[in-house]
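The feature NADP(+) binding site is assigned by Swiss-Prot to ARG48, ARG54, with sequence analysis given as support. Taken from Swiss-Prot, the feature FMN binding site covers ARG131, SER132, SER133, ASN243, ALA244, GLY287, LYS302, PRO303, THR304, SER305, SER306, ARG328.
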Amino acid sequence: MSFNTFGHMFRVTTFGESHGVAIGCVVDGCPPLIPLTEADIQGDLDRRRPGQSRFTTQRQEADQVKILSGVMAHPVSGEQVTTGTPIALQIENTDQRSKDYSEIKDKYRPGHADFTYEAKYGIRDYRGGGRSSARETASRVAAGAVARKVVPGMTIRAALVQMGPHAIDRAKWDWAEISNNPFFCPDKDKAAFFEEYLDGIRKTGSSIGAVIEVIAEGVPAGLGAPIYGKLDSDLAAALMSINAVKGVEIGDGFATAALSGEENADEIRSSNHGPVFLSNHAGGILGGISTGQPVVARFAVKPTSSILSPRKTIDREGHDTDILTKGRHDPCVGIRAVPVAEAMVACVLADHLIRHRGQVG
């Protein structure tokens with residue numbers, strides 16, 4: 001299996017399966033002399049960690065990260081810093097329940113990657129989905145924590161802005177509310193609604209989708225390159241690679257199709273601090289290159305495919321059958337996609353910053 005690496009100069013390779021001994025990543029291309037400890041990474045992992053509320057999978061994983069390489073104590077200050085060599089990060093799996101998946105050993109779960117993995121490779125890890133499990137995203141979050149250290153002047157935040165058909169009231173957006181509810185929702189009133197709404201879905205054994213918005217502030221103008229190195233192209237690819245993501249938009253995205261040229265153009269004025277854009281329909285990127293405005297992206301997460309209703313499928317022999325999914329699953333996988341999205345955007349921005357410095361100094 002290839003394609004486990006993304007990035008050009010800041011490169012991340014993830015490894016491991018949902019029910020294997022461990023998962024992790026190797027980060028290559030991180031500049032030297034950047035302070036980095038396990039505590040710097042653990043905070044981000046704790047935000048993604050499962051089992052923290054009744055609205056996520058009840059799999060109990062501590063997700064304690066270990067730095068295996070790429071750091072050492074600075075010879076003068078004694079502070080632990082990066083050395084410029086590959087940084088290997090490992091997270092042990094401690095709460096696997098593979099017996100929950102014995103029924104699907106020979107059956108394909110509708111909506112999952114079971115059929116496609118076996119069609120491609122002739123074998124699949126049915127225990128929790130193997131590499132296709134959202135468990136893999138913990139490795140991305142660990143890598144994203146390293147990436148944040150490469151771009152300390154940028155603030156990268158994400159929020160759940162819609163669950164099912166119910167969107168937040170953007171007039172009530174408050175970043176401080178993100179940490180006050182289990183949904184990473186910036187609207188206090190809507191978070192209270194989501195609690196009752198998702199409880200109802202969870203108790204029926206069903207699931208629901210979500211929309212996540214990511215905003216990166218402090219991104220300097222000039223990141224990205226024309227044609228095949230566009231910043232928005234790489235962001236879209238990074239976000240689309242997250243489990244269950246089915247659509248990505250930058251800035252106003254698909255809504256711009258309904259706008260006129262006058263409405264959509266981000267007009268510019270001068271100021272003592274440089275150009276000032278009067279709007280940000282483009283989401284901070286024009287021609288594939290950052291404008292200096294906040295970079296804005298949104299993506300849609302489909303409902304978790306593992307639900308408690310019997311469904312029609314086929315077995316490995318091609319016979320029609322029914323399947324009832326067991327195991328521990330998220331009723332809304334979009335919730336834990338929030339810190340994953342931040343991590344992916346951080347990795348892309350770190351990669352583009354290093355590429356930009358290499359090209360133009």
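Cβ coordinates come from backbone N, Cα and C, glycine included.
On a predicted model such as this, the values are computed, not experimentally measured, just so you know.
What Swiss-Prot annotates, mapped onto the structure for a quick look.
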| residue | record | DSSP (3 states) |
| --- | --- | --- |
| ARG48 | NADP(+) binding site | helix |
| ARG54 | NADP(+) binding site | coil |
| ARG131 | FMN binding site | helix |
| ALA244 | FMN binding site | coil |
| LYS302 | FMN binding site | coil |
Number of Cβ atoms other than its own within 10 Å, given for SER306 (FMN binding site): 23
Fewest other Cβ within 10 angstroms of its own Cβ, chosen from the binding-site residues ARG48, ARG54, LYS302: ARG54
Cα-Cα distance linking ARG54 (NADP(+) binding site) and ALA244 (FMN binding site), given in Å to the nearest integer: 20
C-alpha spacing of ARG48 (NADP(+) binding site) relative to SER133 (FMN binding site), in angstrom: 14
Rounded to the nearest Å - Cα separation of ARG48 (NADP(+) binding site) and THR304 (FMN binding site): 16
Among SER133, THR304, the most crowded of the binding-site residues [Cβ within 10 Å]: THR304
Euclidean distance between Cα atoms of ARG54 (NADP(+) binding site) and THR304 (FMN binding site), Å: 15
